[in-house]
Amino acid sequence: MAASSSSGRRRYDVFPSFSGVDVRKTFLSHLIEALDGKSINTFIDHGIERSRTIAPELISAIREARISIVIFSKNYASSTWCLNELVEIHKCFNDLGQMVIPVFYDVDPSEVRKQTGEFGKVFEKTCEVSKDKQPGDQKQRWVQALTDIANIAGEDLLNGPNEAHMVEKISNDVSNKLITRSKCFDDFVGIEAHIEAIKSVLCLESKEARMVGIWGQSGIGKSTIGRALFSQLSIQFPLRAFLTYKSTSGSDVSGMKLSWEKELLSEILGQKDIKIEHFGVVEQRLKHKKVLILLDDVDNLEFLKTLVGKAEWFGSGSRIIVITQDRQFLKAHDIDLVYEVKLPSQGLALTMLCRSAFGKDSPPDDFKELAFEVAKLAGHLPLGLNVLGSSLRRRGKKEWMEMMPRLRNGLNGDIMKTLRVSYDRLHQKDQDMFLCIACLFNGFEVSYVKDLLEDNVGLTMLSEKSLIRITPDGHIEMHNLLEKLGREIDRAKSKGNPGKRQFLTNFEDIHEVVTEKTGTETLLGIRLPFEEYFSTRPLLIDKESFKGMRNLQYLKIGDWSDGGQPQSLVYLPLKLRLLDWDDCPLKSLPSTFKAEYLVNLIMKYSKLEKLWEGTLPLGSLKKMNLLCSKNLKEIPDLSNARNLEELDLEGCESLVTLPSSIQNAIKLRKLHCSGVILIDLKSLEGMCNLEYLSVDCSRVEGTQGIVYFPSKLRLLLWNNCPLKRLHSNFKVEYLVKLRMENSDLEKLWDGTQPLGRLKQMFLRGSKYLKEIPDLSLAINLEEVDICKCESLVTFPSSMQNAIKLIYLDISDCKKLESFPTDLNLESLEYLNLTGCPNLRNFPAIKMGCSDVDFPEGRNEIVVEDCFWNKNLPAGLDYLDCLMRCMPCEFRPEYLVFLNVRCYKHEKLWEGIQSLGSLEEMDLSESENLTEIPDLSKATNLKHLYLNNCKSLVTLPSTIGNLQKLVRLEMKECTGLEVLPTDVNLSSLETLDLSGCSSLRTFPLISKSIKWLYLENTAIEEILDLSKATKLESLILNNCKSLVTLPSTIGNLQNLRRLYMKRCTGLEVLPTDVNLSSLGILDLSGCSSLRTFPLISTNIVWLYLENTAIGEVPCCIEDFTRLRVLLMYCCQRLKNISPNIFRLRSLMFADFTDCRGVIKALSDATVVATMEDSVSCVPLSENIEYTCERFWGELYGDGDWDLGTEYFSFRNCFKLDRDARELILRSCFKPVALPGGEIPKYFTYRAYGDSLTVTLPRSSLSQSFLRFKACLVVDPLSEGKGFYRYLEVNFGFNGKQYQKSFLEDEELEFCKTDHLFFCSFKFESEMTFNDVEFKFCCSNRIKECGVRLMYVSQETEYNQQTTRSKKRMRMTSGTSEEYINLAGDQIVADTGLAALNMELSLGEGEASSSTSLEGEALSVDYMITKEQDEDIPFLDPVSDGTWRSFYSAE
């Protein structure tokens, strides 16, 4: 078959090329009729006059057809018209990918292909006659077309049954080739995978009539998949119908069935007036017809029986597809071929959501987390994804965030409407079970829920209707949207009164009902999810909280309080089946509680001293869990607990005995008594069904006389067992796991025991154990741990039968001398022999071991030759293997991973080894190794580690054969002097030569390298790296001999990180390059570097600490992506361009201890248009401290959480006045600089760390209040407490807010008093009120001040005009200007001159409280909207948190 046709509009489905004399009235007419019957549009020539050249309309028809059918017949080659058509078809086949079907009608395909025989004679005659009338090369084009088209697989009448059969086959083939997916389904993500899977079940090539079911939960997309499938298959089935079942009511069953049959036949036969008067017409009319029937949303078995009773009702090749949510309908109708529609994967679900919400396959970067959460809230259900996505379409991020609480807590109405249909179809009892699972038991074990609900049928019904799923490990899984549906249905019944619901699952509702005692008889279950156990609010339960809940059956809560809970209850509902109360404060259950219906009693970590008095009717009780109830002194009488299956008393420290009545619990299977100091275990002698016993205590008394253990024990856990040996009557036939660690056992038992089920044996730390029992019958043993069995001398040879052994730990068996030989442990994955100093032979074992730890403290290990055979496993790790040399018979041809770290010899082996399987080799720490082995045949090696091989001088040239090598590490190879030249390791991405202190030159050994580490080497210059165009990271730290970088570094346009820390010889960097991808540049400690680096304007993180740079130049404004600039301890730095304040992205700038800084070149334009984005973070003088703090991983991308922003000029004592003023006016984020006096324009000031301000009315008309604060901090004195950050606490209208700014520990690096500035805002409540400020840090705050700020609504031009018209008196150099202060006018900040503004109000004295009366006192300065966006909000704090602290002073 030819390649598929190119996309685009086509006028015709089929173009036929034929000889009219041979086939027009016979074969062709039949074929056109068959194609027309399948609605296939075929070109018909309608008597176009034929000549030697084909007509233009024919050329157009050929090109606009999707398929050409070429009918080769006896006289086809007699027509130049036909041959020229064929040339055009051949061209479309090659150029347009048109599909071509050749048909050989009474001719031999080989004669056509080779132009021989009768066909060849006709062709040659045509060529001879027309040679003068056709172009010279026309014959060659005819020959090529005949040869190529005849070579395509087609239909041959001579080899077929008959002409009719061939017509049908060709028409079907054409139909299949024309099938394309309907564009209506293009937006349904993943639908093609479903369709292909269903097609494989349908087996369309089969002639039998077949019924197939499509099954899945509501909203999963079954109907959509069905419609898409129907659309694709329709062209193959002229007789077809798609019917959706509609529920009907009424008693006329016969009429309903006749109506169904009429609808089906009308759809299939296309007749609207069909009359049906009796049943069975469907079978009669369609018995011999090939049909496609799809029945959707089937919820009635009679519907199926009436329309598609049996597959035999329909003709050969028919396909019946039934879509339903109920698996039982399919079973009842004997439909065994079922396709289950499952939830899409996380990736597909996200794509579905994004198609609906964003119209594309992935979310915008800033919507990723929200999109993931919405997809999760939809439970990956296609219906939910589509509905939620549509509801969020074309909404901004803020709107998404505002809608999230509603999506988390509720259920969309459209989703609920669709899912509710499934619930409404359930019988009442099944509806009750659905609600019970949705509200209480989603995610629980099936057996657990069956016991509580006493229903084995209901769960099966819900599962068959796709309302729940039973997981492979036996848990109930209900989709989260169905769970929300159930809870919404229950909530709706109560009409707003939680006490009248059936189930309570929300803390607030439970709190209300329990605290206010509003529970009613309707309430069946209370369950608080575990995540709400730790609510900050206590659940106040008193003695009568449960008194109104007469019918409560399920109670699962926890204790959240810090005290005040009752130690006793008056009443517990008598119908309780589940009592699950962790940390219960009760000392005992109420005496009125009878426990008659109780199935599960779970009271872990309780304060119980006893459960109840006397004997209660416990016939329903199956599980009792009192884990870690440390005050429990006795277990109640269990005489009536004949159905008890599990009893957990682990950690009940006060319990001393088990009641003799426990022997009546004949169904007890699990008993946990670890940590219980029992007097004796004789009461266990009647426990014939006990399978799980956990004792785990060394102080069990009366154990020496034990003569009986339950015979069906599967798991015995008895750590610290005081017995010397188990009794001879101990039965191990059913034993699966034996754990007796740190026991006093000397031996387990005598003789051979039937250990066929035993899988685990843990005897670790049994220091008296002298021998391991016979394990010859332990053929399923998988794990053995006898670590620290110090008395063990030999290991049993019977271990050889443990062919499934995976884990064997014999470490620290100090007396172990020998190990059995000839063990066949092919499954072994872990073997530990460390700490066995007397072991004189290594086990000669065949094994598939992936991890071997060898004995320590020996100079030589004798290894049997058979160990080193071709079965040597991949991943073998010879860690700390102190061999002198590898065994002479070592054959590593199957070795995948070779780790021989700390190898002691000078070479690994002699000659060339076959290493074709080797992928990783580690010879690190082999200090004596002078050469690595010949690796010329290790062509699959990907990772080679030679770290700390100090004697290694060079690498062999054969390393050039390692074309798959991805990573080469040679760190601290101090003897390495040269690398081989003229090699190109084409796959090498990481090369680490750091610490190779003798390496002076670096030849480029790979053009594919991405990470290159050359730090701490003796390299003097970097050679041409222009060919390393993939390089992303270049690390040259501590290359002290390096003076510069080559200009060819400009070719490295993928370089993202360049680290040159402490390259003390580096003087200059190239200036004529721009590394477009460079994000991190670290030149810290380059003490000879005098000029600001200009090798990239895209730098994000720039480290220039301890350099000799003298100026931050004006071109800093071009660094538009810069976020971090560290220049502390730059003693030669004198000038900083004010253009640094233009960088909106800059978040950190630190000039601490730049004591030579004199000024920041003032520029009135810069000040007037300032867009505050400049901030900094404080750092210490210690460079290493900075590295640790900012880098996380040494060479990461630097994408850190920058947290607090900060602009630091600490200890910059030479800053002139203009520079200080410019810095202060430019920042509304934290700033630090030397100083001991708050600027006078801070209108509210006070001594100490707090002040109270009465706000002017004009400020309360703002939506938000904005403040700038200033503190004077004495770094040499201690404050009133320890704080990690400098904190602002703010009280307003009875509420408290808080914000943390710079890290407090940075203050210790200040040498004198410093000023700290910060800005913040919060939402105004439009109420005139006092506000309180309190500032906290670990050092003494001498003085504090605040001022109000306002956001201007004017343009920059209007602001400047307004400024020029205002009149005020201002001191600025020698000029004076006057401004009137009246009414609500606000003085705009006009740059540097405004800093010296003298308010006519006077300065006054600072005090602990400031109240400035009068509207004129609202004078302050304007900020732009852009500046306001950078000001952080204060965070609200919980009631009392700050107030209590504030009052404590």
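Cβ atoms here come from the backbone N, Cα and C positions, even for glycine.
What Swiss-Prot lists as active site is E85, and the listing cites sequence analysis. If you look up Swiss-Prot, you'll see 10-178 marked as domain 'TIR'. Among the features that Swiss-Prot reports, domain 'NB-ARC' is placed at 192-446, with the record citing sequence analysis. Taken from Swiss-Prot, the feature repeat 'LRR 2' applies to 574-595. Residues annotated as repeat 'LRR 5' in Swiss-Prot, with sequence analysis given as evidence: 644-665. Marked as repeat 'LRR 6' by Swiss-Prot on the basis of sequence analysis: 687-710. The repeat 'LRR 7' annotation in Swiss-Prot covers 712-732 and rests on sequence analysis. Marked as repeat 'LRR 9' by Swiss-Prot: 756-779. Annotation source Swiss-Prot lists repeat 'LRR 10' at 802-825. Per Swiss-Prot, the feature repeat 'LRR 11' maps to 826-849; the stated evidence is sequence analysis. Residues or ranges marked as repeat 'LRR 13' in Swiss-Prot: 941-962. Among the features that Swiss-Prot reports, repeat 'LRR 14' is placed at 963-985, with the record citing sequence analysis. Residues or ranges marked as repeat 'LRR 15' in Swiss-Prot (evidence: sequence analysis): 986-1011. The feature repeat 'LRR 16' is assigned by Swiss-Prot to 1028-1052. Look at Swiss-Prot and you will find 1096-1119 tagged as repeat 'LRR 18', backed by sequence analysis.
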For the repeat 'LRR 7' (712-732), distant same-chain residues with Cβ under 8 A (at least six beyond the ends): 674, 688-700, 703-704, 706, 738-750, 753-755, 757-758, 768
Remote residues contacting the repeat 'LRR 14' (963-985) - C-beta distance under 8 A, at least 6 residues beyond either end: 924, 939-957, 991-1003, 1005-1008, 1013
Touch test for the repeat 'LRR 9' (756-779) and the repeat 'LRR 10' (802-825), at least 3 Cβ pairs under 8 Å: yes
Collapsed DSSP category at E85 (active site): helix
Count of other CB atoms lying within 10 Å of the CB belonging to E85 (active site): 24
Three-state composition of the repeat 'LRR 14' (963-985), taking helix and strand from DSSP: 0 helix, 3 strand, 20 coil
Non-local residues, at least 6 beyond the ends, that sit with Cβ under 8 Å of the repeat 'LRR 13' (941-962): 906, 915, 918-932, 934-935, 968-980, 982-985, 987
Overall pLDDT for the repeat 'LRR 9' (756-779), taken as the rounded mean: 91
Long-range environment of the repeat 'LRR 18' (1096-1119) - Cβ separation under 8 angstroms, sequence gap at least 6: 1061, 1073-1090, 1125-1130, 1132-1137, 1139-1140, 1142-1143, 1179, 1183, 1186, 1190, 1198
The repeat 'LRR 16' (1028-1052): DSSP-derived helix, strand, coil residue counts: 5 helix, 3 strand, 17 coil
The repeat 'LRR 13' (941-962): DSSP-derived helix, strand, coil residue counts: 5 helix, 3 strand, 14 coil
Number of helical, extended and coil residues in the repeat 'LRR 18' (1096-1119), per DSSP: 5 helix, 5 strand, 14 coil
